[in-house]
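Reviewing the structure listed below.
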Amino acid sequence: MSGSTIIPWVVGNWKMNPKQSDAIQLVQQFKDLLKQQPISEQYCHVGVAPIAIALTTIQSELATANRQVATVAQDVSRFAGTGAYTGEISAELLTDSQIRYVLIGHSERRDLLGDHVEILKAKLSHALNAGMTVIYCVGESLEQREQGLAEQIVLQQICDIAPVVSAEQWQHQIVIAYEPIWAIGTGRTASPEDAQAIHAKIREGLCQITPAGSQIALLYGGSVKPENAVELAACPDINGALVGGASLNAESFYKIAQAFAQTQQ
């Protein structure tokens, strides 16, 4: 079958897991699977987002894989450059360490760590201007969904960042991850039909914001597992996955990446 012109992304968000020794073992297991049955980069981009103190270690481990696997930062500072910002890591410091991908806007950071829209815009602006590719997360709560506000909330979250993203950055440096908050870490997931429906609305909204809207990868991030990956991958506006718990198991993560790669073959 002929695949979409958008190459899928499958990114493992490890969150505050695991210990560094276990992380190295996890990467080695994943590399072994790729060696046994490679997943071509022309069919699927793959990345992992480890804890900050393991970024360069994991990057070094991945450098010996038989294909490029991106190392993704889980967050970036709202402050640029260097300076007296205790505990912060700027986009410039990440790129200086050859980390060129970053998650911004994850619901856990919004809800637990106070990342409101102005902070997110600052993080996004600095990351984009430093040349990073940003996986920008949007999503609604269960209460918002039950009130029929899911589409409105998600589209507003995208419109909020539009002023700090240039036309060229939309085209080359933005990936959108839709993560229904009510499905994260709960084992619940939207049906493929529901996920496709809101992804289609996101696509429609992006096309109103930027001419690049039809070519921006849209990832689904609500409890993606090998058991539902094939159905999700078959949806025309789901161009990959932001994977949480399942990415902590090398075989599960590999199967999810394989499911999306097969849509391009």
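Placement of Cβ uses the backbone N, Cα and C atoms for every residue, glycine included.
Note that the coordinates shown come from a computational prediction; the quantities given were computed from them, not determined experimentally.
Some features that Swiss-Prot has for this protein:
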ACT_SITE  H106  active site, electrophile
ACT_SITE  E179  active site, proton acceptor
BINDING   N13, W14, K15, G185, S223, G244, G245  substrate binding site
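Sequence features, as recorded in Swiss-Prot, placed on the structure.
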{"residue": "N13", "record": "substrate binding site", "CB count, 10 Å": "26"}
{"residue": "W14", "record": "substrate binding site", "CB count, 10 Å": "21"}
{"residue": "K15", "record": "substrate binding site", "CB count, 10 Å": "18"}
{"residue": "H106", "record": "active site, electrophile", "CB count, 10 Å": "28"}
{"residue": "E179", "record": "active site, proton acceptor", "CB count, 10 Å": "25"}
{"residue": "S223", "record": "substrate binding site", "CB count, 10 Å": "21"}
{"residue": "G244", "record": "substrate binding site", "CB count, 10 Å": "23"}
{"residue": "G245", "record": "substrate binding site", "CB count, 10 Å": "18"}
Problem set entry | Helix, strand or coil at G244 (substrate binding site) [DSSP, three-state] | coil
Exercise. Once the DSSP letters are reduced so that anything not helix or strand counts as coil, what is N13 (substrate binding site)?
Worked result: strand
For this session: Give me the Cα-Cα distance between the residue listed as 'active site, electrophile' and E179 (active site, proton acceptor), rounded to a whole Å.
Result: 8
